[in-house]
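Participant: Pasting the feature list from TrEMBL:
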type     : residues  : note
TRANSMEM : A:20-39   : transmembrane segment
TRANSMEM : A:45-66   : transmembrane segment
TRANSMEM : A:73-93   : transmembrane segment
TRANSMEM : A:99-120  : transmembrane segment
TRANSMEM : A:132-157 : transmembrane segment
TRANSMEM : A:177-195 : transmembrane segment
TRANSMEM : A:215-235 : transmembrane segment
TRANSMEM : A:268-287 : transmembrane segment
TRANSMEM : A:341-360 : transmembrane segment
TRANSMEM : A:366-385 : transmembrane segment
TRANSMEM : A:397-429 : transmembrane segment
DOMAIN   : A:452-565 : domain 'STAS'
Number of protein chains: 2
Amino acid sequence: MLKRYLPILSWLPHYRRETFSHDLIAGLIVTVMVIPQSLAYALLAGLPAVMGLYASILPAIVYMVFGSSRTLAVGPVAIIALMTASSLSAIAAPGSTDYVQAALMLSLLSGLMLTIMGFLRLGFFANFLSHPVISGFLSASGLLIATSQASHLLGIGVSGYTLPTLLSGLFTHLSELHPLTLGISVFTLAFLLLMRRHGRSSLKRIGMPAKLADLIAKAGPVFAVVLTTAATWLFDWESAGVAVVGDVPGGLPPLTLPGLDPTLWGQLWVPALLISIVGFVESVSMGQMLAAKRRERILPDQELLGLGTANLASAFTGGMPVTGGLSRTVINFDAGARTPAAGLIAALGIGVVTLFFTPLIHFLPIATLAATITVSILTLVDIPAMRRTWRYSRSDFAALLATLLLTLLEGVEAGIIAGVALSIGLFLYRTSRPHSALVGRVPGTEHFRNVARHDVESHAQIALLRIDESLYFANARYLEDTLYALVAERPELTDVVLICSAVNLIDASALESLEAINARLRDSGVTLHLAEVKGPVMDRLKHSDFLDTLTGRVFLSTYGAWSELRPRHAARASIQPLE
Amino acid sequence: MLKRYLPILSWLPHYRRETFSHDLIAGLIVTVMVIPQSLAYALLAGLPAVMGLYASILPAIVYMVFGSSRTLAVGPVAIIALMTASSLSAIAAPGSTDYVQAALMLSLLSGLMLTIMGFLRLGFFANFLSHPVISGFLSASGLLIATSQASHLLGIGVSGYTLPTLLSGLFTHLSELHPLTLGISVFTLAFLLLMRRHGRSSLKRIGMPAKLADLIAKAGPVFAVVLTTAATWLFDWESAGVAVVGDVPGGLPPLTLPGLDPTLWGQLWVPALLISIVGFVESVSMGQMLAAKRRERILPDQELLGLGTANLASAFTGGMPVTGGLSRTVINFDAGARTPAAGLIAALGIGVVTLFFTPLIHFLPIATLAATITVSILTLVDIPAMRRTWRYSRSDFAALLATLLLTLLEGVEAGIIAGVALSIGLFLYRTSRPHSALVGRVPGTEHFRNVARHDVESHAQIALLRIDESLYFANARYLEDTLYALVAERPELTDVVLICSAVNLIDASALESLEAINARLRDSGVTLHLAEVKGPVMDRLKHSDFLDTLTGRVFLSTYGAWSELRPRHAARASIQPLE
């Protein structure tokens with residue numbers, strides 16, 4: 001029981017020294033790599049840079065205790081930072097005390113929601129975000145983030161959370177472009193792209209071991225940060241107008257108490273819910289992918305607890321909403337982390353940096369951070385996935401496109417809500433007009449196939465109708481229409497057999513429709529039979545009066561119905577021609 | 001084409017004199033019967049009584065032209081009146097000019113929405129209201145209306161649209177009870193209930209023909225209205241404090257132009273949508289029930305046009321939102337209406353009353369109207385249906401109960417929205433954890449059954465998994481979990497066959513999951529096969545790369561897979577014991 005809620009107990013007691021050396025190296029690498037990222041995402045969220053560091057310390061440690069993934073690295077991530085900024089901008093001015101307070105509240109609410117969902121085992125909620133919706137949302141968010149970073153790259157101040165406001169802001173203020181900032185941006189972008197494309201192979205070519213070359217290539221952002229910070233300090237670019245991170249207070253994360261203002265709760269619960277679900281989905285998808293590589297499993301409901309407590313920790317230590325981050329997790333994984341202890345070491349490392357080394361961050365240009373975000377975020381725009389979805393299913397693509405466009409034009413909240421609504425709506429629409437087929441017997445066998453597609457035996461007075469969907473409220477009326485039309489078209493019918501091999505559920509609405517169909521067919525002198533009713537469906541029907549009023553029988557198989565009904569008609573009306 | 005949009009053309013050209021005599025009698029009966037009702041529902045909606053009459057004239061005529069039901073009588077109905085009052089009370093004071101203006105706007109918006117939905121053939125939207133939700137909503141609305149009428153029955157002024165406000169209002173003002181009003185109420189209630197329970201049999205016992213006895217028993221409200229109005233006039237009860245309908249302006253319905261205030265549109269579109277859908281569902285269910293009795297059919301999409309234009313007509317002639325009314329339709333049907341011409345005659349009759357006889361209405365006590373509403377509305381509270389639903393399905397009952405309680409406690413809008421959301425949520429939850437079964441061969445046959453329930457042949461290295469649900473985003477992850485757990489539990493597995501006989505759809509999310517499953521099983525040395533993939537699903541799969549990367553084969557039947565895979569293992573590892 002304790003082990004179930006505290007996954008740490010499943011590995012900590014068996015922890016060995018050799019595992020520690022792997023984790024130590026991975027932890028130190030992660031420390032260095034995620035510092036620029038954490039600062040950048042805090043700024044993206046409109047918060048002081050140091051909150052990104054705070055959010056990478058205690059939340060990561062808490063996740064280690066409660067989370068079920070062994071390699072997931074928890075901290076600020078780009079999408080969640082964007083969603084945070086977008087929802088807080090409606091409430092307070094970025095950077096103000098109210099804004100910071102609201103960010104803490106957002107972490108608190110999100111933490112509470114995730115934790116409660118974890119205890120209620122509601123991990124399946126994440127399933128309502130279909131892949132096309134996630135794909136469209138991530139692509140659009142990537143574009144939005146890249147566009148918002150463009151203003152930092154150009155050295156002009158523009159803010160907004162939809163593509164039209166961002167673009168019009170950029171064009172209006174284009175004259176304020178700051179050439180030196182642009183220079184830093186171009187250098188950093190070029191450096192990062194070169195390192196990413198050719199760093200590994202070039203380093204290997206000059207004789208470096210593959211693993212080290214890989215690591216150094218991935219550390220591109222760190223080098224870019226060090227180089228541009230040093231240059232800014234040396235040449236005093238700050239007085240030349242290059243925006244820098246500026247003074248970052250040193251010391252351990254403060255103990256913060258999010259306020260309890262009910263108005264704020266009312267304004268923030270929807271964004272908090274969306275942030276929780278998006279963060280959970282992002283984190284779990286990644287966790288599953290990595291666990292699969294190592295033949296491990298993650299437990300979605302436990303992940304809710306891990307992420308929930310991490311967000312609570314963030315709310316009380318001056319942080320921002322967090323989740324499992326793609327890039328920081330990949331770094332952790334590639335650096336050879338074996339257990340969550342690597343996350344602990346990274347968290348302690350960031351703690352040490354926050355305590356002693358924040359003055360070094362002062363001269364870090366904002367443009368450098370914007371460049372690192374831009375390069376990493378554009379991988380979210382997944383054109384091949386869009387093309388695959390278009391080829392496979394137009395309606396799934398419609399959900400993807402609607403999410404993409406609405407996110408770009410109306411913002412992240414509208415996009416994700418519309419995407420979910422559309423996914424559900426399309427599914428209901430598809431199932432509301434179920435495929436059905438009149439079937440006949442393949443001569444000489446017990447198999448029954450669609451009369452329209454196959455050369456099969458059928459009978460003018462018996463209709464064998466196979467219905468290819470569960471019967472529930474959205475298609476109950478359609479079922480009635482189908483059967484009434486069938487009976488109206490074929491006045492000679494005496495028996496209708498409803499083949500339920502694909503019916504996994506009959507809900508109360510469909511039951512009422514079946515009762516109505518049964519009564520109406522009876523009035524027309526047609527007997528209604530069922531065939532191939534599944535066990536669970538039959539058990540349920542026994543709790544109603546339907547089986548008592550059913551005019552016909554419930555046959556175990558279609559063949560059973562055929563062999564029973566066919567001779568009866570043959571005897572009664574042997575002159576009746578076959579169809 | 002013209003006939004499709006103008007159902008009137010399908011019966012008017014064949015109209016015969018003998019049909020007319022039936023329709024004339026039915027029309028005159030309906031005229032007399034629906035006048036008290038129309039007044040009462042206008043008052044229930046918080047509007048001047050005369051608006052109920054206006055809404056029974058032109059809308060009924062327009063419906064006759066565009067509607068597809070031959071017996072449906074269109075006009076103000078109780079539920080829609082309650083929803084109108086509830087949504088308008090947030091905007092203006094009942095009875096004020098703004099309130100009346102908003103009611104016209106509500107009719108206009110509802111008319112536009114229904115008409116547009118009709119042209120777009122969106123009648124299937126109504127399917128999203130499941131039967132349990134409708135049942136819960138109607139019962140709760142009936143209770144709400146009865147409670148709101150209680151204040152008129154007692155002669156005290158209380159308003160509100162939720163049970164707590166209504167009840168607390170009643171108790172607070174109980175001291176203001178008006179004894180004479182209560183007397184009128186008790187008399188009317190007793191009279192109506194006696195007429196309903198025993199009127200028909202008593203009249204027949206004194207020798208009256210059955211049909212006439214039936215009609216007179218049904219006309220109870222008319223007699224009650226005449227008696228109490230006459231008494232109020234004779235004894236001048238108005239000056240004794242009995243609330244009466246008062247002066248009703250005579251003359252034909254005025255031509256009204258609903259305003260075009262965009263703020264009002266913004267406030268009213270959600271209520272208008274809900275009113276449209278609820279009205280449509282109520283009207284169509286009734287229309288279908290009656291059509292079935294006469295072997296006629298109604299066309300839901302055409303009904304949208306009929307109801308939509310009727311509401312537009314109401315908006316422009318001083319009326320209120322209308323739909324097909326249960327009691328007025330039953331009266332029409334029982335009185336022997338053959339064609340919509342009966343509705344025309346009733347409409348003309350009400351027009352004549354409105355022109356010349358409104359002074360007669362002055363002394364009609366509000367308490368009498370409240371008593372007629374109360375008696376007719378309590379039939380909406382359908383306890384047996386609730387009991388049936390509870391027996392059949394706990395989750396359907398949960399939807400019913402949630403709708404009922406939320407409607408009572410939070411009002412009609414919250415109730416209906418929550419009910420729809422819950423119906424959809426429950427369906428998605430059910431399908432998100434699909435039933436699946438490992439199957440084996442029934443010895444000597446080609447049939448495969450659940451290994452847990454039947455004594456069947458199986459094989460340690462081959463898993464035949466039948467999945468009993470369409471594969472889509474809500475259960476894609478669950479499918480992955482199921483298969484990974486299966487492979488983890490049985491390390492000796494070499495082949496997994498996914499039997500898709502109940503899979504009617506594989507959406508893009510599920511396709512990605514299948515691809516992930518295929519890749520992961522391949523890494524574990526397990527081959528994935530499919531069997532019994534339906535035609536439409538297979539067609540779709542051919543538009544993706546999945547079939548190219550699938551490690552195994554797609555078998556036409558489970559037996560085919562078994563006969564192919566079984567001997568291969570028998571040959572390769574003949575010492576392997578069977579399960």
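Cβ from N, Cα, C; glycine included.
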Participant: Need one number: mean pLDDT over the domain 'STAS' (A:452-565).
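Facilitator: Here the predicted model's pLDDT, averaged over the domain 'STAS' (A:452-565), is 88.
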Participant: What does the DSSP secondary structure composition of the domain 'STAS' (A:452-565) look like, as residue counts for helix, strand and coil?
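Facilitator: Within the domain 'STAS' (A:452-565) the tally stands at 52 helix, 22 strand, 40 coil.
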Participant: At a Cβ cut-off of 8 Å, and with pairs 6 or more apart in sequence only, do we get at least 3 pairs between the transmembrane segment (A:366-385) and the transmembrane segment (A:45-66), yes or no?
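Facilitator: When sequence-distant Cβ pairs are counted, the transmembrane segment (A:45-66) does not touch the transmembrane segment (A:366-385), since fewer than 3 lie under 8 Å.
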Participant: Might you confirm whether the transmembrane segment (A:215-235) is in contact with the transmembrane segment (A:397-429), defined here as three or more C-beta pairs under 8 A between residues 6 or more apart in sequence?
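Facilitator: Contact between the transmembrane segment (A:397-429) and the transmembrane segment (A:215-235): absent.
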Participant: Looking at the transmembrane segment (A:73-93) and the transmembrane segment (A:132-157), are there 3+ C-beta pairs under 8 A, with each pair at least 6 apart in sequence?
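Facilitator: Judged by the Cβ rule, the two regions touch, with the required three close pairs present.
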Participant: So what's near the transmembrane segment (A:45-66) in sequence-distant terms, Cβ-Cβ under 8 Å and 6+ beyond its ends?
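Facilitator: Distant Cβ neighbours of the transmembrane segment (A:45-66) are 5-8, 34-35, 37-39, 72-76, 81-82, 84-85, 88-89, 94-95, 99-100, 103, 107, 159, 245, 248-249, 253-254, 302, 305-307, 309-314, 316-322, 324, 340-341, 343-344, 346-347, 350-351, 353-354, 358, 361.
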